[in-house]
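A short worksheet on the structure shown next.
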Amino acid sequence: MGKFQIISHPLIQHKLSILRRKDTSTKHFRELVNEIAMLMGYEVSRELPLEEVEIETPITKTVQKQLTGKKLAIVPILRAGIGMVDGLLSLVPAAKVGHIGMYRDEETLEPVEYLVKLPEDIDQRQIFVVDPMLATGGSAVLAIDSLKKRGAANIKFVCLVSAPEGLKKLQEAHPDIDIYTAALDEKLNEKGYIVPGLGDAGDRLFGTK
């Protein structure tokens, strides 16, 4: 079973509480999503492999550690996942970025995939799938299905807020996936929104209704 981790760093929790407020502006919401994603990135990337390499400082030669050069890919679930990309890229600027586009059918609440655009070598990369919300879990499951069909195996899912229903669905469908979140909320309401949640992350990021 992959691990499930709530990242409870004080800065993340403080920023998340501001993010949740209904009067937080689009500009501020966008900035906060970016900042929280960056802070979460430190924990999500904790297990990246290191190797020893000899370098020369202004004083002497020395053996130090650096990333092994393992290939990374950040894959946002469109559209809200886009808001988390820059924060993670600030930590791993050489990462490739793929896109999986989905929308939620408002009657069935099920996700519908309309776009998959990925690096050609996606099967060789460590992948961070990002979406601010893990609500019903349908989009996350479908996105990871798409990645696995293309040979991807090393996948982590990163979200800001999650619901127990979505977590259960994702873990049952993909028990090998590590899941990182900043909060596990109470439940979903009858419309499939997380309670207390933060509303529609996509609308709040882009100023739409």
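Every residue, even glycine, has its Cβ placed from backbone N, Cα and C.
The 5-phospho-alpha-D-ribose 1-diphosphate site recorded in Swiss-Prot comprises Arg79, Asp131, Pro132, Met133, Leu134, Ala135, Thr136, Gly137, Gly138, Ser139, Asp200 together with one of Arg30, Arg46, Arg104, namely Arg104. The sparsest Cβ neighbourhood within 10 Å, among the listed binding-site residues (Asp131, Asp200), is found at Asp200. Following the DSSP three-state reduction, the secondary structure of Gly137 (5-phospho-alpha-D-ribose 1-diphosphate binding site) is coil. Note: the CA-CA distance between Ala135 (5-phospho-alpha-D-ribose 1-diphosphate binding site) and Ile194 (uracil binding site) rounds to 6 Å.
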